[in-house]
Each structure stands twice: as C-alpha cells, then as structure tokens.
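> My structure is below; once you've seen it, I'll send some questions.
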Amino acid sequence: MVPDLIRNVVGIVGNVISFGLFLSPVPTFWRIIKNKDVRDFKADQYLATLLNCMLWVFYGLPIVHPNSILVVTINGIGLVIEAVYLTIFFLFSDKKNKKKMGVVLATEALFMAAVALGVLLDAHTHQRRSLIVGILCVIFGTIMYSSPLTIMSQVVKTKSVEYMPLLLSVVSFLNGLCWTSYALIRFDIFITIPNGLGVLFALMQLILYAIYYRTTPKKPSTTGPHPRSRIRTSSYQPSPPSPRAPASSPLSARTTTSMAAMSPSISRLSHKLA
C-alpha cells in the first residue's frame, strides 16, 4: 500500500515536470505565429514526439498495461500539445514542408493502426501486449532522449553552451530521474530504460555546462544606460558679450553711408547761399 502511494506521488510530480517540458517550445511557436513563417525551424522532433506520445498512451491503456493511468495522462496531454504545435507549423509552412509533414503524419497513423491491430488481435495476454508495445516505446523513447547528443557535440566543438540552455538540461534531468524512480518502485523495465538513459544524457549536459560555461562568449549587455546617455555633452557655453560697442545693423549702416554721400552737396549749397 505504501509503495503504491509513493509511486503515485512520484508519478504526479513526473506529470508536472513533463508538462513543463512539453510547454518549453512555446516561445518558438509564438515567434512563428508573429512572423507568419517557420523560417529554418524543423518539424522533425515534434513529429517524433507525437509518435512517442501515441505509443506511450497505448502502452498505458488498461487493455495493454494495467495500473498505468499516470503514464496515459501525461502522454495524452503531450499528444494534444504536439498536435497543436504541428498544426501551427503546418499553417505557416511552404508547400514542400506541408507535403513532407502530410506524408510523415500519414505514415505514423498507419504505423499506429498496424501496431494496435496486431497487438489486440495477436497478443491475448497483458504480459505479451506489454512486451510488444513496451519494446517499441523503448526504441522510440531512446531515440528521443538521445537527440541532445548533436547539441552536446556542438558544445564540445565550439566550447560554448549558448545553444544548450541550463534550465532545460536541469528539468530534463529531474524528469528522467522522477520517471526512473516511478518505474523502479514497481519495476517496469520499459519505462526504466528510456528514462534512465534520459538521466544519463541530461547529466552529461550538466557536466558539459560546468566545463564550458566560462569559455562561452558573453553577450553584450543590454541593461546599461541608453547609448545616447553615454554621448559626452558639449562643454561649449556662450561667451559673455564683449565690452566693445555693438555692431551696427544693416539698416544703420545704410543710413550712415547715405548721410556721408549727402554731406558734399550740403556743403556746396551752403557756399552758394553765402
């Protein structure tokens, strides 16, 4: 009774952490919506996650593996979230990407239909059904958890953790640890293997982060004063007026010139009158 209670608590915590992981690409898709263009983003990982969620939902059903409701809930939520992501991606993709997505989605649907029919018609016990679907879950779960290996190799080559966010690595580690613990309380090898590998890969990311954090180029600070505020203000101040006489205006200059020109004529007129 106590192990079951602990297992349920751990499973609920795992649901919460996994939900956070499913929501982590939201900023990416918000950017796609704002730009109305997928640009260089790829839908591959979301298509893979969709298939992975479908397999785990099927695995957790009572007709396949009883007492796995917490596996069904989180992967059912993940299935809906991934479907929303792919819908957004489809709406803002070009014809080539839409065609590719359509082919992959149709293939995944046919694959799941074949798995469901094959398991339900051929395997007549929970143990055999769990074995078949569990092996498929391990294969696709391992592929998904090993996807950060490409990013890790990039970190080693560039000696920079710029494209490996610390928070995502920490949450991935906690998620794998939580679900591994869940699987060990009532031993389930099919949940243990992919999540145990997830813990290992996330731990490797954290180690790499600790090694290469100091060698990562720092981004220019955007929290300092506005660039205009750093411009040196002019020290010029108007000088006080000169004690000399003020300059004549154009009007007074013209008046003075006219008076000077008239003075000889006035002198001659005065001489005649005399």
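Cβ coordinates are placed from backbone N, Cα and C, and glycine is handled just like the others.
Per Swiss-Prot, the features are:
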type	residues	note
COMPBIAS	245-258	compositional bias 'Low complexity'
DOMAIN	9-96	domain 'MtN3/slv 1'
DOMAIN	132-214	domain 'MtN3/slv 2'
REGION	218-274	region 'Disordered'
TOPO_DOM	1-8	topological domain 'Extracellular'
TOPO_DOM	30-45	topological domain 'Cytoplasmic'
TOPO_DOM	90-100	topological domain 'Cytoplasmic'
TOPO_DOM	122-130	topological domain 'Extracellular'
TOPO_DOM	152-164	topological domain 'Cytoplasmic'
TOPO_DOM	210-274	topological domain 'Cytoplasmic'
TRANSMEM	9-29	transmembrane segment
TRANSMEM	46-66	transmembrane segment
TRANSMEM	69-89	transmembrane segment
TRANSMEM	101-121	transmembrane segment
TRANSMEM	131-151	transmembrane segment
TRANSMEM	165-185	transmembrane segment
TRANSMEM	189-209	transmembrane segment
> Against which stretches of its own chain does the topological domain 'Extracellular' (122-130) lie, if we need a Cβ under 8 Å and a gap of at least six residues from its ends?
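For the topological domain 'Extracellular' (122-130), the far contacts come to 59, 63-66, 190.
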> Can you tell me which parts of the same chain pack against the transmembrane segment (189-209), counting only residues 6+ beyond its ends and a CB-CB cutoff under 8 A?
59, 71, 130, 134-135, 137-138, 141-142, 144-146, 148-149, 151-152, 155-156, 161, 164, 166, 169-170, 172-173, 175-177, 179-180, 182-183
> Work out, from DSSP, the number of helix, strand and coil residues along the topological domain 'Cytoplasmic' (90-100).
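Counting residues by DSSP class gives 8 helix, 0 strand, 3 coil.
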> Quick test of the contact rule: Cβ under 8 Å, at least six residues beyond the ends. What residues does that give for the transmembrane segment (165-185)?
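Those are 3, 6-7, 10-11, 13-14, 17-18, 20-21, 24, 70, 145, 148, 191-192, 195-199, 201-203, 205-206, 209, in sequence order.
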> State the non-local partners of the topological domain 'Extracellular' (1-8) in its own chain: residues 6+ outside its ends, Cβ under 8 Å from one of its Cβ atoms.
70, 182, 185-186
> Please report, as numbers and ranges, the same-chain residues at least 6 past the borders of the topological domain 'Cytoplasmic' (152-164) whose CB is under 8 Å from any CB of it.
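Apart from its flanks, the topological domain 'Cytoplasmic' (152-164) reaches 201, 204-205, 208-209, 212-213, 215-217.
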